[in-house]
Each structure stands twice: as C-alpha cells, then as structure tokens.
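Participant: These came from TrEMBL, pasted as-is:
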type	residues	note
DOMAIN	265-379	domain 'FAD-binding FR-type'
TRANSMEM	24-41	transmembrane segment
TRANSMEM	53-70	transmembrane segment
TRANSMEM	82-101	transmembrane segment
TRANSMEM	113-136	transmembrane segment
TRANSMEM	148-166	transmembrane segment
TRANSMEM	178-196	transmembrane segment
TRANSMEM	202-223	transmembrane segment
TRANSMEM	235-258	transmembrane segment
Amino acid sequence: MLSFPYRYFLVSLTVFHIQRMDPLAIYAITAGGIFAVLFLVRAVSLLASCRHLFSLVVSQHLTLFFVIRRHRFLGPWTGADMLLHLSYAAINVFLVSFRITSLTGAGRRAGELALVNLVFPLSTIHLAYLADLLGIKWNSCRKIHRATSWMAVALLSFHIVTVVHGQGFTFPLREQQNLCAMIAAASLGALALHSIPWCRHWSYEIFLRGHQILAGLFAYGAWQHLPSQSTSSKIYLLIALGTFVLTLVLELITLLYYNGLFAGRGTPRAIVSFSASESKEGPVANAVHIRVLLPRPVKVEAGQYINLWMPSVSLCSWMQTHPLMVTSWSKGKQDTVELLVKPRSGFTADLLRYAPAAAGSSVSFLALFTGPHGVSEEASDYENILVLASGPGIAAAIPCLKKMIHSYNTCTSQVRRLHLVWQVESVDQMTPALSLINNLLKDDIMDDGYILHISIYVSDGIEQNGLPFGRHKRVYIYQEVPDYQSIISVEASGDQVERLPNIWDEQGRTLIRIDRPG
C-alpha cells in the first residue's frame with residue numbers, strides 16, 4: 001500500500017495533467033458527449049415507437065399463450081408464467097449448489113436461502129396493502145406470495161432431509177433447538193395443506209386467520225431454532241419481521257386517518273338498501289346497495305375496491321372484512337362511496353335478513369374500511385374500448401365507463417367508441433344496475449356524440465330478440481349467448497367507429513376489458 005507522500009504525488013500529477021489538457025481534447029470530449037446524448041435520446045424514442053409491436057409479440061407468444069388452461073386445482077398458466085417460474089426455480093437451484101462440495105453444505109445453504117425467499121411472504125398481514133405500496137395488482141402480488149412460499153417449502157424440506165440424514169436419522173426432541181425446528185416444520189406443513197383451494201372456498205375468514213396464526217408460529221419456531229452464531233440467517237428473519245411491523249403500523253395509521261377515528265369526525269356509516277324482484281312467494285331481494293358515508297373525503301380511482309368491516313351485521317361479522325368494488329366515481333375526492341353487492345353466502349347472505357325490515361327504506365350500520373385498493377388501468381390512449389361483463393361484474397365496469405365518458409367530454413382522451421357487452425342469466429339480474437346504466441347514458445351527451453353503446457344478453461325472460469331501448473337506440477337486449485369471438489373481431493376491425501367522410505383517418509388501438517365476478 002502506498003504511503004502518504006506517494007499518494008499525494010499521484011494526485012498532484014493527475015491534477016497537473018488535467019490542468020495541461022489540450023483545448024482540442026476538451027472540445028472533442030464535449031462534442032462527443034453531446035453526440036452520444038443525442039444518439040441515446042433518438043434510440044430511446046425509436047424503442048418507444050416500437051413498444052406496441054414488442055408488446056404485441058410478447059402478448060401473442062407469452063402472456064396470452066396458455067400452457068395449462070384453468071383447472072379446479074391448477075392453472076391457468078401462460079407461457080410468461082411458466083418462463084418466470086422456471087427461471088425462478090433455476091436460480092434457486094443454482095444458488096443452492098454453487099461452490100458446494102457436500103450434501104450437508106447444500107442443505108445448510110437451502111435453509112438459509114429459504115429464509116431469504118420468506119422475506120416477501122412474511123412482510124405484511126394483508127396482501128392488498130402490500131400490493132398498493134408496491135404499485136402492482138393484487139393478483140400479481142398473490143402470485144409472488146405463492147411462488148416464494150412454495151419455493152421456501154421446497155428448500156426447507158430439502159434442508160430438513162439433509163440435516164436428518166447427516167445426523168444418522170436421529171432427531172431428539174429433548175433439545176430445545178430441535179423442538180423449535182419441529183414446530184416450524186409442522187407450521188409450514190400445515191400452511192402448505194391449508195393453502196389448498198378447498199380450504200379457502202369452505203370458509204375464507206377461517207382460512208385467513210389460520211394462515212396468519214400458522215405463519216406466526218413458523219416465525220417463532222424458526223427464530224428459536226437458529227443457532228446464536230447464525231448471524232446472517234437471523235438478519236434475514238429480522239428484515240422480514242421488521243418489514244411486517246412497518247407495513248402493519250403504516251396500515252394502522254392509514255386506517256385511523258381515513259376512518260376519522262380520534263379526530264372528532266365520527267366513524268363511517270353504511271346505509272344499506274335492497275333491490276327486490278317479484279316471485280310466487282312474494283318480493284325477493286336480489287341485490288344489496290351500500291352507501292358508505294365517509295368522515296374524510298377519499299380519492300377513489302375507477303376499478304378500485306375497499307375492504308368493508310360491519311361488525312353488527314351478524315354474530316361472526318366482527319371478525320370478517322369483505323372486498324367490495326366501488327361503483328361510484330368522481331374526478332375529485334368522494335365523501336360517499338357506493339357499492340353494489342350480489343348476495344351469495346356468509347356476510348352478504350346475512351345482510352338479506354334485514355331486507356324485510358328495510359322494505360322501501362334502508363338500514364344503517366357502523367362500518368370501518370381500508371383502501372381504496374387496486375390499480376386503475378389507464379385507457380385514454382385507446383380509440384375503441386370493448387368492455388365485457390358478466391353478472392355482478394358490471395359493478396367493476398360502471399366506474400371505468402363513467403371515467404372514460406368524462407374523459408371524452410373533457411377532451412382528455414382519444415376514445416371515440418365504448419361498447420359494453422353484459423351477459424346476465426335473467427331480467428331480474430338487470431334491475432339492480434339499471435339506474436347506474438341510465439346515469440351512464442345521461443352523461444354521454446357531449447355534442448350528441450353518443451359514444452356509449454350497450455348490448456345486454458339475457459339467457460331467459462324476454463320475448464323479442466334484438467330489442468332496442470332508448471330514444472337513440474343505444475341499448476339493445478338479446479335473448480341468446482353472446483358470440484364473443486365475433487364481437488371482438490368486429491370491434492377490433494375499427495369499422496364501428498364513426499369517421500368523417502372523404503378524410504383519411506388512421507385507425508387507433510382497441511382495448512378489450514373483461515370484468516367478471518370474483
């Protein structure tokens with residue numbers, strides 16, 4: 001290592017050469033730098049212009065190419081899903097075996113790598129809040145959670161097998177370290193079995209609480225199992241737990257702020273009313289309308305949802321939160337959000353018990369909420385937008401259509417045609433959303449443009465097929481199953497977009513949005 005005088009000599013010599021640099025060299029470097037910057041700017045603009053072509057190729061061969069179709073226990077898996085999962089697995093296998101000369105060393109590396117993979121699954125109590133923090137969709141966040149969790153299960157299973165094999169298949173539980181390892185392993189195995197889709201569908205609330213309890217038991221067992229000299233492994237677990245505490249505190253602060261707690265503004269109230277249809281037994285409620293009165297105005301983007309907690313609905317509702325799509329949309333903040341709920345089971349079925357008492361009126365409940373959650377899709381760059389909805393999925397389509405119509409009226413988007421295709425089982429399913437659809441038609445009045453067209457396909461309940469409604473015949477009702485392939489082909493051709501005669505008009509892009517009940 002150079003001593004102080006020599007280092008000083010080198011620095012002084014470098015400064016001397018810079019001071020004596022030829023002006024022509026300075027000019028050449030400056031001109032070359034400007035040329036390089038201009039070249040990079042041009043290259044970036046060319047790549048941006050080819051973005052549509054690149055996304056088209058990726059969609060055709062990866063994101064829209066299904067390797068495994070939707071199955072009861074598996075799928076759907078696209079080419080992109082397979083590529084990402086195989087790459088993820090290959091990286092972990094490489095890291096386990098890199099520069100390892102023994103099976104015991106590979107097992108030890110696998111256990112440490114499993115804790116690295118578990119940082120993401122253990123970092124939050126609610127995936128929706130973590131997805132919002134990361135700016136990704138909830139479904140993408142769930143896929144990451146599932147992939148990292150199963151990878152950790154595989155790595156820890158390999159770790160357990162190699163450790164037991166290295167000890168001659170002896171694992172005395174009298175030792176506290178081994179006992180805690182057994183607790184962690186049992187919790188992880190229960191988590192894996194608990195993640196079977198049947199468990200979620202049987203009772204989602206019980207599944208969620210059990211999932212969280214088992215994750216806590218695993219973290220405790222893993223921490224107690226780690227030896228004191230295993231500093232790096234404890235650091236990984238501390239990072240996961242620290243991130244968990246941070247996201248939990250942030251979520252709690254957000255909850256308290258938006259619900260007006262400890263601010264003298266009261267708490268949110270949920271005003272519940274019902275839509276009913278006639279039957280042989282009398283009026284039957286077929287939809288629930290919920291208006292949540294907020295103590296603080298909240299900005300809700302189109303396509304976002306809230307998690308609603310209404311503890312006084314039933315005996316068990318105090319431990320249940322429910323994701324519900326917001327049907328109202330406004331350019332600014334809202335002090336009231338509206339929800340349209342299709343009664344099914346659990347919480348929504350419990351709400352129907354109040355329908356006879358609220359006939360022609362409404363019922364008020366104490367409520368708390370988190371959110372809004374979800375990512376709003378930007379559609380202002382598309383000329384033609386086709387929205388496909390089925391049943392209760394219309395609740396997600398309504399605010400997006402409302403935003404698109406507002407963008408057209410304010411000349412802030414390129415949209416020139418909106419086509420809503422809604423498939424329902426019966427006419428009774430249409431009734432709860434008719435007022436929302438009528439409001440969309442009322443908003444679509446800019447210069448008599450009438451960009452919104454609605455096609456409703458009913459399986460049963462009408463006598464005439466292709467029945468038009470309204471003064472301008474913008475709503476048609478059909479008694480048949482929609483031919484989605486034909487509808488998409490017609491809309492993608494661009495022939496349905498009204499264009500000025502004798503003027504060349506380049507065809508814009510078409511967006512297809514699918515909203516189906518979750």
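Cβ coordinates come from backbone N, Cα and C, glycine included.
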Participant: Using a cut-off of under 8 Å between C-beta atoms, tell me which stretch among 24-41, 148-166, 178-196, 235-258 contacts the transmembrane segment (82-101) the most.
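Facilitator: The stretch I would name here is 148-166.
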Participant: Which residue counts does DSSP give the domain 'FAD-binding FR-type' (265-379) for helix, strand and coil?
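Facilitator: Counting residues per DSSP class in the domain 'FAD-binding FR-type' (265-379), I get 11 helix, 56 strand, 48 coil.
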Participant: Six or more residues out from either end of the transmembrane segment (148-166), which same-chain residues have a Cβ under 8 Å from its Cβ atoms?
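Facilitator: Distant Cβ neighbours of the transmembrane segment (148-166) are 88-89, 92, 96, 103-104, 106-108, 110-111, 113-115, 117-118, 120-121, 181, 185, 188, 191-192, 195.
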Participant: Any idea what the model's mean pLDDT is for the domain 'FAD-binding FR-type' (265-379)?
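Facilitator: Mean pLDDT, the domain 'FAD-binding FR-type' (265-379): 82.
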Participant: Let me check one thing: do the transmembrane segment (235-258) and the transmembrane segment (24-41) come into contact, meaning three or more Cβ pairs under 8 Å with sequence separation of at least 6?
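Facilitator: Per Cβ check, the transmembrane segment (235-258) does not touch the transmembrane segment (24-41).
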